[in-house]
Amino acid sequence: MNYSKLASEILKHIGGKENIKQVSHCYTRLRFSLMDDKKVKNGEVEKTSGVLSSMFASGQYQVVIGNQVSQVYEEVVKQAGIIDSQASLKQEKKTIKPKQIPGKVLDVFISCFTPIIPVIAGCGMIKVLCALLLNAHILEATSSTYALLTIFGDTVFYFLPIFVAYTAAKKLETDPFSAMVLAAILLHPNFAALAIDGVNTTSFLNIPIQIVNYSAQALPVIITVWLMKYVDKFANKFSPNILKIFLRPMLNVLITAPIMLSVIGPMGSFLGVYFANFVDVMNQWGWIAVGLNAAVFPLLVLTGMHNALIPLIITMFATQGFDAILITSGLVANIAEGGAAGFVAWKTKNKELKGTALSATVSALLGITEPALYGVNLRMKRPFVAVMLGSLVSGCIAGILGVTAYAFVSPSVLSLPIFAGGDGNSLIGAIIMVPVTFAITFAIAWLLGFKDVTSAKEKSIASPAEGSVIPLSQVNDQAFASETLGKGFAIIPTKGEILAPFDGQVDTIFETKHAIGLRREDGVELLIHVGLDTVKLNGQYFESFVENGKAIKKGDPLIKFDIDKLTELGYDVTTPVIVTNTNKFTKIEVLHKKEVIMNEDILDVE
């Protein structure tokens with residue numbers, strides 16, 4: 001994969017670097033916050049080689065790359081001239097429409113948690129290590145080594161508000177250090193001691209302040225940093241330059257802190273109680289909740305909404321120290337993607353699809369599911385249904401077995417140790433669920449079946465028109481004759497009708513109706529250009545029967561044109577038929593025929 005070229009194409013089709021407000025990436029996706037979403041040419045992005053899929057979700061434009069996303073991200077940042085991905089390219093602000101607010105809020109929440117996932121995962125694994133050493137009787141629960149290891153693992157959760165304050169400030173483009181000070185106030189030992197000692201209220205300048213234990217709470221901090229952003233603008237504007245170095249952060253803290261302690265903190269804590277109650281309800285549903293979450297997890301990944309679960313998962317670990325629902329659901333859903341892709345690899349007779357499916361199977365087992373989701377299961381349709389059904393059944397079994405995660409790491413075969421904890425049965429259950437989920441999904445996919453893509457015998461492309469066949473070199477247009485646009489052939493038609501030469505879909509039907517781009521199920525992209533310079537007619541004497549994105553069957557009418565009128569006006573009706581993605585195939589051979597009728601095989605592509 002040419003990462004530089006791919007990054008360049010993506011930037012071109014999303015409106016250029018000037019349209020980027022912010023860019024980041026997760027395990028498999030580039031995530032853009034854009035100045036103007038309307039500048040995105042989504043169809044062109046999805047056609048770009050190396051892009052699995054793309055969509056607008058969670059207030060972002062997401063481009064699914066797969067395992068090589070980090071390399072592509074580095075090229076995007078380099079070509080766009082972005083030094084710090086958390087800082088936006090300075091552009092004039094856009095007015096946010098009311099319907100965009102939920103997506104923008106969700107984007108902020110996700111962006112606050114995503115950067116700290118690695119350190120949360122690392123500290124979580126320390127807690128897993130503690131559990132393993134304790135169960136193996138290598139350490140005693142009363143030993144100082146065990147106590148210190150526990151502190152190492154718990155620290156990131158205790159001081160979570162400070163970490164979130166920093167990431168929120170970077171996302172909201174305000175002073176991160178003032179934000180961290182505000183979060184630290186909530187965790188100050190003297191303030192925290194009041195909450196622990198059972199003191200309910202205190203006051204600041206006669207303003208009542210409710211005493212709450214803010215350890216591991218993130219919501220109050222995010223709201224506080226949002227408020228501080230506007231306080232900081234005020235302080236920056238009215239502070240004299242000579243005093244700004246200390247007066248600006250001083251005002252940030254003095255103005256924001258009382259509001260945080262008297263209003264935002266208690267309100268956020270109140271909402272946090274309901275959040276915790278929601279977690280309790282899910283835990284009470286037990287294996288049913290795991291099954292349902294696992295069933296919808298592929299849909300969340302499909303829409304890019306799975307990252308919206310991050311705050312909920314982190315809250316679970318911060319409050320109860322484990323997650324028996326969401327990460328467990330993610331494990332069986334990931335393995336199910338591999339099971340369905342594995343069935344496709346076993347069943348298909350198409351060599352290209354078999355290779356793709358085998359690679360996607362391994363990738364899914366390792367926790368990266370987008371290649372299996374977009375490249376295999378969703379493409380084949382029924383295997384995707386098998387993934388959801390397999391996830392549902394397997395999720396229920398995992399819930400019954402009590403599979404529980406004790407660290408926040410992307411679930412996969414390699415990360416099974418995150419399920420080690422408690423009495424050790426959770427890890428055993430997780431190990432069992434890998435082959436069980438794979439087998440269940442494989443079996444469901446077998447029962448449902450799927451329509452295989454074009455087999456070796458069906459590599460031939462039929463003639464879309466009736467007439468005389470000539471080589472491209474004889475076409476009176478250098479762009480076609482030189483094969484710059486791709487290999488193929490040309491027809492001098494005797495009838496003014498163009499039919500679909502294979503099963504597939506319409507990629508592009510030109511407004512002038514003189515040309516059409518088709519895509520076959522195995523990826524062949526075909527351009528049929530009716531006549532030379534006929535674009536000048538601006539659609540006159542042409543009639544189309546299809547639209548962009550429409551599925552077509554071999555023999556379906558595509559275009560009708562008045563061949564006599566075109567000839568009378570002096571137009572050359574020679575019709576080039578070009579494989580525009582020639583470089584993706586090893587063999588493109590025109591069958592030796594001088595005359596051809598509609599739907600007669602004329603071109604072999606392998």
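For all residues, glycine too, the Cβ spot is worked out from N, Cα and C.
Listed in TrEMBL:
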DOMAIN    4-86  domain 'PTS EIIB type-1'
ACT_SITE  Cys26  active site, phosphocysteine intermediate
DOMAIN    107-466  domain 'PTS EIIC type-1'
TRANSMEM  108-134  transmembrane segment
TRANSMEM  146-167  transmembrane segment
TRANSMEM  179-199  transmembrane segment
TRANSMEM  211-231  transmembrane segment
TRANSMEM  251-276  transmembrane segment
TRANSMEM  282-302  transmembrane segment
TRANSMEM  309-336  transmembrane segment
TRANSMEM  383-408  transmembrane segment
TRANSMEM  428-450  transmembrane segment
DOMAIN    477-581  domain 'PTS EIIA type-1'
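The list of residues near the transmembrane segment (108-134) in space but at least 6 beyond its ends in sequence, with Cβ under 8 angstroms from a Cβ of it, reads 24, 26, 58, 86, 140-141, 146, 149-150, 152-157, 163-164, 167-168, 170-172, 218, 222, 226, 307-308, 310-311, 314, 317, 321, 406-409, 417-418, 420-422. As a quick check, the transmembrane segment (428-450) and the transmembrane segment (282-302) miss the bar of 3 or more Cβ pairs under 8 A, pairs 6 or more apart, so the two do not touch. The helix, strand and coil residue counts that DSSP assigns across the domain 'PTS EIIA type-1' (477-581) are 14 helix, 42 strand, 49 coil.
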